[in-house]
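For 10-15, 35, 40, 91-95, 132-133, 166, 277-280, 347, the entry in TrEMBL reads NAD(+) binding site. Summarising the annotation, TrEMBL assigns substrate binding site to 162-166, 221-225, 261, 268-274, 339-340, 443. Per TrEMBL, the feature active site, nucleophile maps to 277. Per TrEMBL, domain 'UDP-glucose/GDP-mannose dehydrogenase C-terminal' is recorded for 333-448.
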Ligand code: NAD
Ligand code: UDX
């Protein structure tokens with residue numbers, strides 16, 4: 001089957017960049033990205049592609065090239081479904097905040113809504129692709145909803161999880177380590193797999209395209225995120241031991257990373273991992289294991305989250321302790337709020353939890369992040385429901401100028417590893433601060449020797 005029309009439901013951090021790259025690499029395919037969120041679609045259609053709703057290096061250029069040619073953003077979900085041969089579902093699957101599985105299971109209500117809408121609209125056969133990260137065996141539920149119409153339309157469900165990381169999404173999409181496609185072993189299933197393989201083959205070499213059964217594909221995505229997060233919690237656990245023993249976690253990471261069986265990536269000790277995926281997906285894995293009665297499996301993976309929570313709490317506790325056991329009315333400047341550099345995404349960022357702890361201690365927090373607005377920072381804190389909006393507003397100060405943010409601060413805490421922080425004029429920052437001037441480097445990016453020579457009291461993670 002020659003694919004000429006693709007639609008993607010969900011114009012978020014995955015749907016937007018993924019479809020932009022497919023459109024760029026497959027000019028013969030019309031790609032339409034739809035979303036219920038009108039504001040988001042308006043932003044994707046903004047004349048100035050610098051204003052698209054997601055900041056990713058290289059993305060606005062790709063959108064500028066493909067948009068209006070074969071890449072379209074729209075709120076007309078039904079029309080896009082009706083026209084497409086392949087429909088990607090790329091909607092959010094957050095942790096449930098209510099009912100059974102609250103705080104653990106993935107909330108699949110948006111997925112189910114998509115399936116029902118596809119079932120309602122489709123008049124011809126469709127390939128439905130799970131792009132969202134889903135609990136293993138979700139395809140079964142989707143298929144049951146799609147097949148319930150009884151109108152003779154044939155649906156094939158494929159699992160095609162996305163492995164991009166934010167901040168490097170474009171690069172990850174252009175040269176993926178692998179593309180994973182799970183499908184049915186039937187003749188129809190194999191045909192559907194081939195159709196999707198052909199789309200990716202426009203720019204990905206065949207040995208990098210892996211096909212499996214649907215359940216392996218669904219579970220591989222949760223497994224990959226669990227393994228990656230586990231490495232961070234493992235090195236963070238060692239960072240605490242390093243601090244007690246005089247070992248340096250950067251040196252330990254380097255030493256173990258040179259063992260080719262371990263490898264050097266994802267061994268950077270930090271204030272704790274954030275992002276919309278790791279915590280959500282591990283909690284989901286824990287929930288699935290428990291639901292099969294696999295309590296040891298569940299406990300094993302839950303420890304990755306427990307360690308990460310401990311690492312965030314340890315960071316804020318250390319700030320309070322070092323500042324003579326009180327931060328009441330002290331100004332603490334956060335450099336960075338995003339969960340990692342090169343993104344404007346703040347979901348589950350460690351900064352939110354560290355700020356919340358310090359505001360509980362009556363600190364005043366000044367935040368500077370090159371890509372995150374005051375509105376977003378306040379809404380992140382409000383979401384925790386620790387205190388009122390007014391109280392948060394009184395505790396958070398923001399400025400467009402990092403030097404102003406640091407002025408008269410008792411301490412600076414580095415929460416995100418933005419490159420520009422390394423190149424600041426640290427002498428100028430020191431001169432404007434209260435003394436002793438403390439720096440808590442939650443990302444181990446600053447030069448300890450240089451900062452100590454200026455006069456800072458400098459503390460990193462794991463040394
Ligand atoms: P997101 O919140 O940025 O985007 C999801 C979008 O879907 C939103 O704009 C929302 O309005 C829209 N939506 C929800 N229900 C809809 C419906 N019924 N019809 C139309 N639009 C609807 O989420 P995201 O970060 O892009 O993540 C999407 C999925 O991809 C999740 O399952 C996530 O786990 C997975 N994932 C995310 C990443 C990442 O780095 N963010 C990486 C890999 C996989
Ligand atoms: C992750 C997965 O990497 C990606 O494959 C998946 O598709 C989505 O989830 P993402 O959350 O966007 O991607 O970013 P990632 O680079 O994995 O970083 C997640 C968090 O871990 C960030 O807060 C980052 O700062 C932190 N991290 C990462 C560390 O603390 N140390 C490391 O060594 C690596």
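The backbone N, Cα and C atoms fix where each Cβ goes, and this holds for glycine too.
Here the C-alpha separation of residue 35 (NAD(+) binding site) and residue 339 (substrate binding site) works out to 24 Å. Under DSSP, residue 95 (NAD(+) binding site) is assigned to a strand (E or B) in the three-state scheme. A helical conformation is recorded for residue 279 (NAD(+) binding site) in the three-state DSSP classification. The CA atom of residue 92 (NAD(+) binding site) is located 16 Å away from the CA atom of residue 225 (substrate binding site). Shown in sequence order, 166, 273, 274, 275, 345, 346, 347, 348, 349, 350, 351, 416 are the residues of the chain, 6+ apart in sequence, with a C-beta less than 8 angstroms from the C-beta of residue 339 (substrate binding site). The Cβ neighbour count for residue 35 (NAD(+) binding site), using a 10 Å radius over every protein chain in view, is 23.
Of all the recorded positions listed (165, 222, 269, 277), 165 has the fewest other CB atoms within 10 A of its CB. A straight line from the CA of residue 225 (substrate binding site) to the CA of residue 277 (active site, nucleophile) spans 8 Å. All protein chains considered, the CB of residue 13 (NAD(+) binding site) has 24 other CB atoms within 10 Å. Long-range Cβ neighbours of residue 272 (substrate binding site) (same chain, at least 6 residues apart, Cβ-Cβ under 8 Å): 236, 308, 309, 311, 312, 315, 350, 353.
Counting every protein chain shown, the number of other Cβ atoms lying within 10 Å of the Cβ of residue 95 (NAD(+) binding site) is 19. Note on the domain 'UDP-glucose/GDP-mannose dehydrogenase C-terminal' (333-448): DSSP counts are 46 helix, 19 strand, 51 coil. Take the CB of residue 166 (NAD(+) binding site) and look out to 10 A: across all protein chains shown you find 24 other CB atoms. Within the same chain, the residues at least 6 positions away from residue 10 (NAD(+) binding site) whose Cβ sits under 8 Å from its Cβ are 33, 35, 88, 89, 90, 91, 92, 110, 131, 132, listed in sequence order. In the vicinity of ligand 1, defined as a Cβ distance under 6 Å, the following of the binding-site residues 92, 222, 279, 339 are placed: 92.
In terms of C-alpha distance, the listed binding-site residues 162, 222, 269 place 222 closest to residue 279 (NAD(+) binding site).
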